[in-house]
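A.B. asks: In case it's useful when we look at the structure, here is the feature table from TrEMBL:
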BINDING   GLY99, ALA100, THR101, GLY102, SER103, GLY104, LYS105, THR106  ATP binding site
DOMAIN    11-324  domain 'Kinesin motor'
REGION    398-428  region 'Disordered'
Amino acid sequence: MATAAATQSQPVRVVLRVRPHLPSEANSAEAPCVGLLGSHPGGDVTVQLKDQYTSRNECYKLDAFFGQESRVCEIFDQEVSAVIPGIFEGTNATVFAYGATGSGKTYTMQGTEDLPGLIPLAVSTVLALCTGTWCSVEISYYEVYMERCYDLLEPKAREIMVLDDKDGNLQLKGLAWVPVRSLEEFHEIYSIGVQRRKVAHTGLNDVSSRSHAVLSIRIITDVVKGKLNLIDLAGNEDNRRTCNEGIRLQESAKINQSLFALSNVISALNKKEPRIPYRESKLTRILQDSLGGNSRAVMIACLNPVEYQEAVHTVSLAARSRHVTNHMSSASKQETPKDKVDMEAKLRAWLESKGKTKSIQRMDGLLSPNAIKTPLSMSHKKQSASVRVSGRVVLPSLTPCKEDKTGSSLRKALSPISSNMDPQKQRTADDSNCLMLLEPRTPMGSCNIVGKVTGATPLDKFIALGSNLKESLIQQYLDFLNVANKEELQKLKGIGERRAEYILELREDSPRPFKSVRLLDY
């Protein structure tokens with residue numbers, strides 16, 4: 001693989017924020033369990049965690065420290081604002097708040113009306129930079145709840161599919177992007193999404209986030225497209241202290257499970273293991289670009305000043321995250337051509353491994369990427385409306401039109417052919433749509449005209465039209481196999497969930513693997 005420009009290595013930047021004491025903690029005699037021990041010439045700092053009830057204390061190196069007297073706007077000015085100009089040049093960036101429940105993550109990201117958090121400050125800065133330019137700004141807002149993704153900007157809860165494209169980049173199918181032109185318009189849209197996010201009362205927090213929330217800001221220019229992700233992670237919970245039961249306990253288990261998966265990913269990256277377990281949870285899949293990927297990343301570790309054990313857990317993972325390196329490049333990569341894959345053999349081998357004998361027989365009658373040609377007889381028997389043909393039919397390679405590149409619906413792919421076209425226009429529009437008798441197609445997919453149907457009987461005209469209709473339907477069927485999503489594929493008879501998944505896997509190796517159909521006598 002060759003790149004047009006050198007790739008820049010960028011470690012994850014980790015900063016620590018200690019929230020102030022809450023009103024309920026104001027009378028507490030406990031001193032904060034964390035403090036700044038010293039700063040170093042390179043810019044990093046050393047923080048000390050100390051348990052006042054024991055002699056335990058630990059020290060960690062981080063990139064920056066913001067104590068109880070610091071404001072969120074200081075974090076934005078010193079840390080977050082530095083990543084925003086890059087998204088106008090086509091690079092991606094992620095800022096995420098991590099910590100235990102009740103450590104001030106949501107406040108850090110959202111803030112209040114008088115003291116805005118990182119999210120409104122970032123949107124305000126982006127909109128200001130777009131003033132007087134041709135740039136456009138769009139936002140999306142979604143949550144990961146119980147290992148499922150839901151769009152928070154949709155009136156009805158709609159699940160989002162987390163998929164990978166053929167280049168391995170994360171795609172969120174079904175996610176809505178809303179254009180934003182002013183800060184007032186953003187607050188109106190964002191407040192609706194905040195109200196829809198899952199929150200609940202627990203033993204440690206009156207308004208506890210029960211999901212991870214992601215706000216994405218996308219900047220589109222004439223040349224490039226960049227994105228900034230602002231993520232408010234749900235906090236890990238000790239259910240002995242939260243007293244969670246029922247659905248709250250299930251939510252807590254999913255939250256802790258996803259954060260444990262995050263810890264495993266960071267550990268694997270630090271050990272330079274060959275396999276990084278990004279797919280252990282939806283959260284780590286979403287953070288894949290930010291941890292070891294091609295995105296600039298800032299982690300804000302949030303601490304409760306009176307909980308030593310929680311602070312140790314949070315800061316130890318944050319310190320390990322500093323050693324994770326992302327590889328960024330604004331230049332487009334040029335990949336070497338991939339080896340050709342025998343899709344039919346690959347599908348057959350998979351079906352055989354699953355013992356799907358009937359499916360193999362059905363595949364022989366439907367899918368054949370390596371088909372050969374067989375002459376089409378013009379006899380009445382073999383050109384009847386049932387289109388019973390022995391052997392294989394070669395179809396020309398199909399090049400999608402502009403609309404096909406953005407996806408094609410089941411209704412469009414299987415739409416009927418109009419029979420109201422003027423015969424004269426129908427003859428000149430395209431060889432495959434004209435009322436002509438065709439001889440077998442050549443290997444290049446071209447057709448030779450044998451003769452126009454002039455003065456032919458109604459039966460001859462019907463036979464010729466039926467042949468063209470069959471060819472057109474087959475082409476539409478192949479188009480559908482090459483562009484349909486999983487749900488649309490499963491609506492076809494004979495294609496279940498596993499076969500639909502495998503068809504999508506075949507399309508990852510080759511963008512349009514299905515180029516022909518083989519029809520058999522029954």
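Note that Cβ sites are derived from N, Cα and C of the backbone, with glycine treated the same way.
TrEMBL does not curate its annotations; it predicts them automatically.
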A.B. asks: Within the chain of ALA100 (ATP binding site), which residues six or more apart in sequence place their C-beta under 8 angstroms from its C-beta?
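C.D. replies: Non-local contacts for ALA100 (ATP binding site): GLY235, ASN236, GLU237, ASN304, GLU307, GLU310, HIS313, THR314.
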A.B. asks: Quick one: give me the count of other CB atoms within 10 A of the CB of THR101 (ATP binding site).
C.D. replies: 22
A.B. asks: Identify all same-chain residues not among GLY99, ALA100, THR101, GLY102, SER103, GLY104, LYS105, THR106 whose C-beta atom falls within 8 angstroms of the centroid of the ATP site's C-beta atoms; report them in sequence order.
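C.D. replies: Surrounding the site, in chain order, are ARG19, ALA97, ASN205, GLY235, CYS302, ASN304.
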A.B. asks: Let me know the most crowded of the binding-site residues, choosing from GLY99, GLY102, GLY104 and counting other Cβ atoms within 10 Å.
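C.D. replies: Of the binding-site residues GLY99, GLY102, GLY104, the highest Cβ count within 10 Å belongs to GLY99.
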A.B. asks: Determine the Cβ neighbour count for LYS105 (ATP binding site): the number of other Cβ atoms within 10 Å of its Cβ.
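C.D. replies: Other Cβ atoms within 10 Å of LYS105 (ATP binding site): 27.
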